[in-house]
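Under the heading domain 'Glutamine amidotransferase type-2', TrEMBL lists C:16-235. According to TrEMBL, the active site, nucleophile annotation covers C:C16. If you look up TrEMBL, you'll see C:C251, C:C397, C:C453, C:C456 marked as [4Fe-4S] cluster binding site. Residues or ranges marked as Mg(2+) binding site by TrEMBL: C:S298, C:D360, C:D361.
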Protein chains: 4
Amino acid sequence: MLTTNPFDDDKLREECGIFGVSGAEGAAAMVALGLHALQHRGQEAAGITSFDGRMFHTHRAMGHVAGNFDRDETIRPLHGTTACGHVRYSTTGETSLRNVQPLYAELATGGFAIAHNGNISNAMRLRRDLVRRGAIFQSTSDTEVIIHLVATSSYRTLIDRFIDALKQVEGAYSLICMTPEGMIACRDPLGIRPLVMGKLGDAIIFASESVALDVVGADYVRDVQPGELVIVKGKDIQSHSPFAPQAARPCIFEYVYFSRPDSISQNRSVYSVRKAIGAQLAIEAPVEADLVVPVPDSGVPAAIGYAQESGIPFELGIIRSHYVGRTFIQPSAEVRHLGVKLKHNANKDLIAGKRVVLIDDSIVRGTTSLKIVQMMRDAGAKEVHLRIASPPTRHSCFYGVDTPEREKLLASKLDVEGMTGFIHCDSLAFVSIDGLYKALGEQDRSSDKPGYCDACFTGDYPTTLTDQDELAPPADQFALLEERVS
Amino acid sequence: MLTTNPFDDDKLREECGIFGVSGAEGAAAMVALGLHALQHRGQEAAGITSFDGRMFHTHRAMGHVAGNFDRDETIRPLHGTTACGHVRYSTTGETSLRNVQPLYAELATGGFAIAHNGNISNAMRLRRDLVRRGAIFQSTSDTEVIIHLVATSSYRTLIDRFIDALKQVEGAYSLICMTPEGMIACRDPLGIRPLVMGKLGDAIIFASESVALDVVGADYVRDVQPGELVIVKGKDIQSHSPFAPQAARPCIFEYVYFSRPDSISQNRSVYSVRKAIGAQLAIEAPVEADLVVPVPDSGVPAAIGYAQESGIPFELGIIRSHYVGRTFIQPSAEVRHLGVKLKHNANKDLIAGKRVVLIDDSIVRGTTSLKIVQMMRDAGAKEVHLRIASPPTRHSCFYGVDTPEREKLLASKLDVEGMTGFIHCDSLAFVSIDGLYKALGEQDRSSDKPGYCDACFTGDYPTTLTDQDELAPPADQFALLEERVS
Amino acid sequence: MLTTNPFDDDKLREECGIFGVSGAEGAAAMVALGLHALQHRGQEAAGITSFDGRMFHTHRAMGHVAGNFDRDETIRPLHGTTACGHVRYSTTGETSLRNVQPLYAELATGGFAIAHNGNISNAMRLRRDLVRRGAIFQSTSDTEVIIHLVATSSYRTLIDRFIDALKQVEGAYSLICMTPEGMIACRDPLGIRPLVMGKLGDAIIFASESVALDVVGADYVRDVQPGELVIVKGKDIQSHSPFAPQAARPCIFEYVYFSRPDSISQNRSVYSVRKAIGAQLAIEAPVEADLVVPVPDSGVPAAIGYAQESGIPFELGIIRSHYVGRTFIQPSAEVRHLGVKLKHNANKDLIAGKRVVLIDDSIVRGTTSLKIVQMMRDAGAKEVHLRIASPPTRHSCFYGVDTPEREKLLASKLDVEGMTGFIHCDSLAFVSIDGLYKALGEQDRSSDKPGYCDACFTGDYPTTLTDQDELAPPADQFALLEERVS
Amino acid sequence: MLTTNPFDDDKLREECGIFGVSGAEGAAAMVALGLHALQHRGQEAAGITSFDGRMFHTHRAMGHVAGNFDRDETIRPLHGTTACGHVRYSTTGETSLRNVQPLYAELATGGFAIAHNGNISNAMRLRRDLVRRGAIFQSTSDTEVIIHLVATSSYRTLIDRFIDALKQVEGAYSLICMTPEGMIACRDPLGIRPLVMGKLGDAIIFASESVALDVVGADYVRDVQPGELVIVKGKDIQSHSPFAPQAARPCIFEYVYFSRPDSISQNRSVYSVRKAIGAQLAIEAPVEADLVVPVPDSGVPAAIGYAQESGIPFELGIIRSHYVGRTFIQPSAEVRHLGVKLKHNANKDLIAGKRVVLIDDSIVRGTTSLKIVQMMRDAGAKEVHLRIASPPTRHSCFYGVDTPEREKLLASKLDVEGMTGFIHCDSLAFVSIDGLYKALGEQDRSSDKPGYCDACFTGDYPTTLTDQDELAPPADQFALLEERVS
């Protein structure tokens, strides 16, 4: 059982984090540490594959990195100086081990392991074609499509086959691959999902976020560029750009919520961006109040920014438990009616009789906002003003983020006034889309050339969405039930 | 395996939390919720005992409440409208199930269950006497002494026997007991450990801290008074005061660190006290700096207080991972030399080039302080000034708190200048003992009648310490190894 | 889960087996092997206690010896050259770990561990008296009474206290005890349950059956005598006889079913006795037939005796699966109507058209006999004659054997003719009680001085039965639910 | 951990058993029962796949059927009226779940599940070719080759593709396959491995042995013929014979050891054949002796035959424990020198001073024979004559039986005299190959047209052995480590 999920149920969820090391003793142990630092990007399963020059070794498990990859007896058999790993949150129902990455296949060119952050938006169509040609899939993951495209490519070398495969896929992908000849890291042409490169001594490291470099003591070198393939063979590092150049569109929500505040992305501190959004929000939507209270923990940087800009004191009006398990919800029917506050508790003495500005990073379904506003009122707050450090989330993401169906997004159904009523707050405001770009150091958003993927706010998707446009067939007919080594 | 320990290794550890419910449907489920809110007081083991009017039912487990008490199949068999529970951190080596509370015994007067927060300081001597008279102990817990004293008392009624037993024990105890006739809650004559009483409809609730009342939606009624026995039989509540009156000496460290910030103790908000200590510290030990940075999470309220008093901005200069497991430390030898930052990571962009005031609640061994100061310097801090929201911790606790031996307490070996050198900070200051009393709304500490137990700071122990003064015999000759239901 | 139970559900079950070693390196490992050889005497739980000269170490577990005591990491911590162990089958509902033996207590005289085969028939009354005097019981086992009697005895030495205790208990007991000074083995004055002594080099070994000596390579020395205490202190062996001499009454059912056929008891081979019973049965109840078929495995020796005496060929007409798990019964409702033959299968080709003599050791409820006769008929048997190698089982055992309540014993309700009808066999015969004594080399049974405890056949109980005669009070009010080390 | 392995370590091991049901409610539950009856054919892993008309459902597990497939919650999700299963013993090192059958693939023609008993003797070569063409294997099992041959066949219908695939494979295979259209059962052209067909109401059942039909109450209909494909679609049953006719060569060792004695194979009772071999052995190799003693349990039928033919009494001279676990071998170093007799124990009283004829079914390495002869001598046997109910085992099997390398087979290194010396028996004899054929009701073995595959005795392999003749490449580069659902 997963015992810790500090993220609210009512958040968008990043589906994956990836981490790779080439050229270090104890590579798998470093990957375990790196994945631990990326745990917030996927808490459902984790896997590590290593290569020792002769054999590939894989360990995958449902659950957190800690608890699955923190014992010597697990890490030691993952021999070799090259390793990569993956943490995963899955959107669809199938959560069995066979979908846990890295995926591995034995190709005519040798072993091939792959770890993927993102989502292939034409995976269904490609899969159907491959099955017709005799391919047998071992998972329901979109990522496996890439492997079969590589396996059946008519090119000769692995790199040529790999590029051939990538040219057929559409959507978002940051990839770390391992072959007997070396490690390949790449990002889709728009650079939708992040991927950074670091260095520790002679070892080269790739990671979804720079915090994972910090945890192993590595230095941030640069972002892998949109459309770039970096190939590491021993100490030789090559950069390829096989795709036609395009204007990059990295995911803007990484700054709003996904990335850890201590990450640096494209030379920007995520913490500073969030404080800037908070400050911008104080300018765009000021209010007379006694306290600025963050919804912990994701609202804290924006709340500090709001407090500093507005001069209203920052206070911990909501205390979050450190021990909240994902499944610890009303253990029995008798107590289900109680106002259970396992995750958050109001700091009553502080709140009673006060006008409170609540700061949260985003609103998805609105259910948590509703409860937290009520908690403030129960604690005696005189007024509750809710300020959101992103624009209204109105559209689904098809690039590797778990979004509810559109009709469940509060902002797709209601305008700000409607939402204010639903949430029962005294006032509600979101930062504007232009304000968000400003906090990122840009001008107002350019609708021609927006600079970021902001489709969840604007509906402006930067790629075609083949599977969405077709009637998607069922993935397969197979339910692999729980399996056990008894 | 425990997967979450957000508390630093270098903190004092409260040994226990207790929670009891009398007169509610689903009492055991409420106890599970209450214990969850008290999890910070003991993460090693948990237990719940219920009484259904005819039978007592107990479930005990090593590990957290979540994961052990969050499933219907565990809670459902704990029938009855009366239940109590216990979370435990043990100081001594023996961590087997037989020491996990509530303890239970079948006495001539009927079943008797007991949950204890505190420490009996003459338990060894009492145990030796009881064994000589034929008593057979089933645990190595000091608490079991109380049960045998009750069992062998020459008084007739259970209450008389219980009071007879308590008059023989010395030290700190907050107790919740269950008998076929009702629930008994009591506190030692000095009230060293906390215990509050709450109400939810007709149900009476006892808990170590008020946050545990919040989580079940109950209202805080009052603290159980030092030396008071509260007996609940159905809707009848009686209060007894069998001891000679003494000036109370509640533990002052509950305000410094143990209690959750959202708890109310003796009508004082713990959060407000901590902020007041921070403000007092800003007055006593001001410094020119750019940022006030809390050591998360326990330093946050004092840091807010310091920042507000000093006018220096409050910033999250250290980011703490939500996913830190107790055992996730360098999984293999190869990476042990890396500066692993699994728990904390510096917010580099913010820190670089700045003068930082670091706020922590206390220093025990000093090992964590050393690392965190170094982390600030590695992140580029120009100056690091450490401010501690308690006086130097110089003495061991014998009242239910896990303290290292005196010689391991940094402040028992070094003066402030020595500690500054050890920790490598630019300056170091502790709040004064009088300042601490002031933050609690008192005058300076009165050495005649101090108002709190502050022995860890002052060495002024409010009781005799019989076992400490004798040469303690070994607890017993028995190692009960891990047992399994296969 | 227990995966193997080769014993039929419709058999009497021995409740326990015990094994002790004094003076051997790796004593606990030898105990594990010895208990494994005694596994048929109790499959529900097992435990081992060792003493290393300073400390006692215990490991107990629900389930079989194999699976719980076959790994170095379990055995290694059981330090010392003295150890004893216990396998258990419990009659009453309470099967939690706290009742698994050896039981241990820390007495004023030092540690005391005890393993018991038998049943104290005045345990309830003694327990009630002890609780009144302040004793706290940690189990619901009758054995714990002995420990409290020792603890509270007014004698000074452990041996005097132990004898004082035994003089107060009534019923059947073979005991192996461990104290810091040495090992004590003893048998009740009637010698109802077995206990043998063996030797391996300088080590002294005690075991319920001689097969357990074989498995560790030890030599059988002699039976511990009824009413004898053997005290082993290093190489010194003392024999005490503290009780008034009585004519011995060892359990006759050990020869019929409980003991393994390769055991030697009182200088008699169990296998030879069983063959002799079979031969006697052929004399007392001959039949014209084509095949003698044993009900495997317990009927095999008597069937060989019957075949040799009668000249009718012995054949395996029923094949028993080696893989039958206790719980593997009709995994779902859909197949419950099938004639499931997981345990036994008829050897159809052999049986079809034949007159079969079926040999079984005993009939308890008769349910298995009914099914097996039907199985023979389904396989085409022309006639089925059932011969039972013991007299009708008409009375419950109160000396440590699990017997159903009297009214469930087929022979207590029906005469032979009635049983023949119930079982649907062509003829049914039991060996006579005198025939049974003859097979044991005795004359006919003497009703004055029977030589064995045969109460299950005759109702002639050799002791008073205090608890049976009183209205037994409930054992206690406490349900200790499953406990876990997570 | 597997807790039961009643088969000696020194036996050949059948690698698999298969069982399929078409057209029955609760098909998966019936498969669980059938697999349980086939457990002796493979104890390492088991799996069941069901089809509910829309979806396939699979559960696979390491370990026994009991313990993995005996709970409703495991069986219930295996919906549908069609199901097949597999028990497995693997020869090579790779024992991970990915090799546990039934294997499943999603083909262009729909889902396809396969359970295989046997061994493809050109699997390596086929696999290498398939990988070159882009196939990605998910296991290291030879069986997966068949699936890829089906997937990439240029024929259109599944049946045509399947036949196309089978025509490319060489070796031994009894298969049960499931497709959305129906169940296919087939046997290789020589019928090396067994497969029978049964009927229960309207349901059609396939099983490796007839005992598995007995356990579900089904009737034996006939053997699936060598080279036959039986296709079951609802109530429609078709038989195809796509291969050129060949003289059948079923495995003769099924009669010697593999099959359960209560199985009927090709209309012969396995028990009767074994008795006939024993009788033939008494004729070919008589000896003056007092007792005929079987090595339990596999030697029992031949011993009964030998005793009946020779007139020497049959006796249980060796008692076998019911509780022997595979891993329960000398739990610690201290007792490793003891003559541990966990599995077998001599019935000393019977053996002492006697001339013993020991009957065993076969000799592989000879290590067990050596120990058992010694055990007889230690028990006081005057003479020990060993008689083996099969010819000397001199050659490896490449058709799905686990044989040690040739050089480890005792009979490949020594003649009978040499073996007699190695085993330390007074005399040793094997039944002749012609005697074995006679016991099967045949004339002497015809070397032109032998009637059975007896390659393990004669070296006369009925197929080419492609992979043996080539230098076998390593299966793959991948070590899938233990995986967990935590």
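Cβ atoms are placed via backbone N, Cα and C, with glycine included.
This view paints the features noted in TrEMBL onto the structure.
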residue: C:C16; record: active site, nucleophile; DSSP class: strand
residue: C:C251; record: [4Fe-4S] cluster binding site; DSSP class: strand
residue: C:S298; record: Mg(2+) binding site; DSSP class: coil
residue: C:D360; record: Mg(2+) binding site; DSSP class: strand
residue: C:C397; record: [4Fe-4S] cluster binding site; DSSP class: coil
residue: C:C453; record: [4Fe-4S] cluster binding site; DSSP class: strand
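Residues C:S298, C:D360, C:D361 make up the record's Mg(2+) site, and a Cβ search at 8 Å around their centroid adds C:K11, C:Y257, C:P294, C:V295, C:G299, C:A302, C:I359, C:S362, C:I388, C:A389 from the same chain. Looking only at Cα atoms, C:D360 (Mg(2+) binding site) sits nearest to C:C456 among the recorded positions C:C16, C:C251, C:C397, C:C453, C:C456.
Mean model confidence for the domain 'Glutamine amidotransferase type-2' (C:16-235) is a pLDDT of 93. Here the recorded positions are C:C16, C:C397, C:C453, and the one whose Cβ sees the fewest other Cβ atoms within 10 Å is C:C397.
Looking only at Cα atoms, C:C397 ([4Fe-4S] cluster binding site) sits nearest to C:C16 among the recorded positions C:C16, C:S298, C:D361. Annotated [4Fe-4S] cluster site C:C251, C:C397, C:C453, C:C456; additional same-chain residues within 8 Å of its Cβ mean position, judged by their own Cβ, are C:I192, C:I252, C:F253, C:Y399, C:V401, C:D454, C:A455. Cα spacing between C:D361 (Mg(2+) binding site) and C:C456 ([4Fe-4S] cluster binding site): 14 Å, rounded to the nearest whole number. Across the structure, C:S298 (Mg(2+) binding site) and C:C251 ([4Fe-4S] cluster binding site) place their CA atoms 18 angstrom apart. Its Cβ taken as reference, C:S298 (Mg(2+) binding site) is surrounded by 23 other Cβ atoms within 10 Å in the chains shown. Residue density at C:C251 ([4Fe-4S] cluster binding site): 27 other Cβ atoms are found within 10 A of its Cβ, drawing on all protein chains shown. Of all the Cβ atoms in the protein chains shown, 26 others lie within 10 Å of the Cβ of C:D361 (Mg(2+) binding site).
Of the recorded residues, C:C16 (active site, nucleophile) and C:C453 ([4Fe-4S] cluster binding site) place their C-alpha atoms 18 Å from one another. The Cβ of C:C456 ([4Fe-4S] cluster binding site) lies under 8 Å from the Cβ of C:L12, C:F253, C:T393, C:R394, C:H395, C:S396, C:C397, C:V401, C:T403, each on the same chain and at least six residues away in sequence.
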